[in-house]
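Comments concern the structure below.
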Amino acid sequence: MPSSKARSSPSVDRRERLTLAKLASYDDVATDALVDCAYFWTKTRKNRTKYIPVRGLAEDTVAHILLHDVIVAKDVSAAERKILDLIGMKRYLAKLPNDREKDWFRKHLRKYIQMYLPDCPFEVTTTNRYTITEHEAAICARKFIPQGQEIKYLSGTLVPMTKEEERDLDLKRKDFSIVMSSRRKTPSFFLGPARFANHDCSANGRLVTRGSEGMQVVATRDIYIGEEITVSYGEDYFGIDNCECLCLSCERVPRNGWSQNLAPGPQSKPSTPEPKASEDHLTPRKRKAQSDIDSDSSPSSTPRKRGKFTPRGSKLRSQLSLTEDIAISIESEPRVPSSNLALSAQEAGDSGKSSSAGDNVESSGTDSESLTSITPQESQRSSASTAATSVFDEAVSLNTRPTKSAVTTAAPAESSIAAEAPLSTTIPETDIKLEVEPSCEPTTTVTAQLDTTVRADSCVSDISSSTKLEDGSEALEHVKKPRKPRTKRVYLTIEPESKLNRVPGDYTKTPKLLAHSYDRWVDCHTCNAWFVQQNSYLTRRECPRCERHSMLYGFRWPKTEKEGPNDDEERVMDHRTIHRFLYPEEEALVSRRGRGVSFGLTPTPELSDMRSETPDSEALDERGNTRVTRRRTRAIRVTTV
């Protein structure tokens, strides 16, 4: 007798159930082979973000199978075998582990093949109503569908989602393939041809389940040719009460996502407040004088306007003038011994601190105050000093703004001062020591002002390394360029509180889609819908949907086969024999005014204006016929001569 544990084990069918990952993989391959590779003008969105298209699939090969086996012969099984015999599909089918998964893939692939049967009342198209710049898939009716009728071949496969799959799925991304079952009260993943049906608050279709893993779309009202087939995703799918919905019904009212244009949008606020305490560390400007600070102590609530542009002087000119001033000051000073000459920067630093409260730093009195007497012990420690070093380290204040460019101009200034070193060799020798106090306060000297966040130890190391001299010569070593300190800067990031305000019809005849010079908005001569033609040196006759339909079926949209025994129109089996551009006579009848400058106010093809002809179209027609007659007469004259 078998144990209870063996009896309670699940069956093979239940263990090998169709999962979300498997169904998503099947759907990506099926849409790649039978939608993207069937003369489709864009790429459909895949379920896996890192999906790689199947190699070995050619558009002409797939279209040939669909035309001869599905459209003409109406043999879905033969078309399925030929498609699976393609190199890329055969390679993918061989990777499936068992026969059960291969059977699941064949069933799912057959749903996409049936879309191309002549009796199918719909076809896949695109719309840019929701994103303007990107076209998303949609379902368009090409036959009249009465109310209550089940839309043929508009079906899909339904897979229940587990708790783990719900956590792994990125719910922040609006995935329109997730449906909530009203009977099971659980979310399910829904893929197949019906997944291309978009949402509408007044939808003309309804999703109904067929069996445990099937789903179908039923028409809730009459659907006419050219109308988009839509379903309802739920009451709160696009926010609370669908407040962000951009469907056609909301666009006509307008409401929800289209109602933002009625009132001005809220102003965006910065996500991080402006730094108040660290303003002195981040801004390179000097502090104001004490009187100005007292008068302007209350901070302004609004940001200040940017001042007018003031031309700055040349950096090279300022460096040359700096060198001349230093040379003149050296010659005017009393001669001192050049063996042990040094300067004290103590008082110069103090004067720099006191002068930092004003707008400009004055240079009066700094030369005489910086020379101080020192003790013999201090003179022994400064025996390595030379006249050139003391001249360079002399505290000379400048009327310059402490900008970031001051650090970069320090090296050229030092080289220019070093060139004046022979002038300082005649100075008499005295025991004067160079005393440098590591002050990090904002001061303006010859070596340029450092940032306020420089550490004291880095200041001492940089200045001490710059004052070392060679023992055997009196040449000045190149002063080490001060390191730029690493400061933490606060960058304000502005996050808009609301999305772009949408205006009804802003996705039609908008200049946002005209990326190149010769991109134009063109009116389709078959369905009267506006579309963007890139590089329109020659104007196309039909939109991408109508052109794809004629390439696959051999008839003009929405015709798929002969309408009866009295129909004499023959199917075009080779689409390359059709001229798909306007003739010069037809080009003269079309007005080029407003083809991308502004967008229309009517968003849908059935409500849009007719073909963009000029008011005097009859007169232009006669002129065109006259031009054609003249050309023919001229050609006859040439041949007779």
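Cβ atoms here come from the backbone N, Cα and C positions, even for glycine.
It is 596-628, from the ranges 563-595, 596-628, that Swiss-Prot records as region 'Disordered'. Taken together, the residues in the domain 'SET' (120-234) have a mean pLDDT of 89 on the 0 to 100 scale.
For the domain 'SET' (120-234), the DSSP-based tally of helix, strand and coil residues reads 10 helix, 50 strand, 55 coil.
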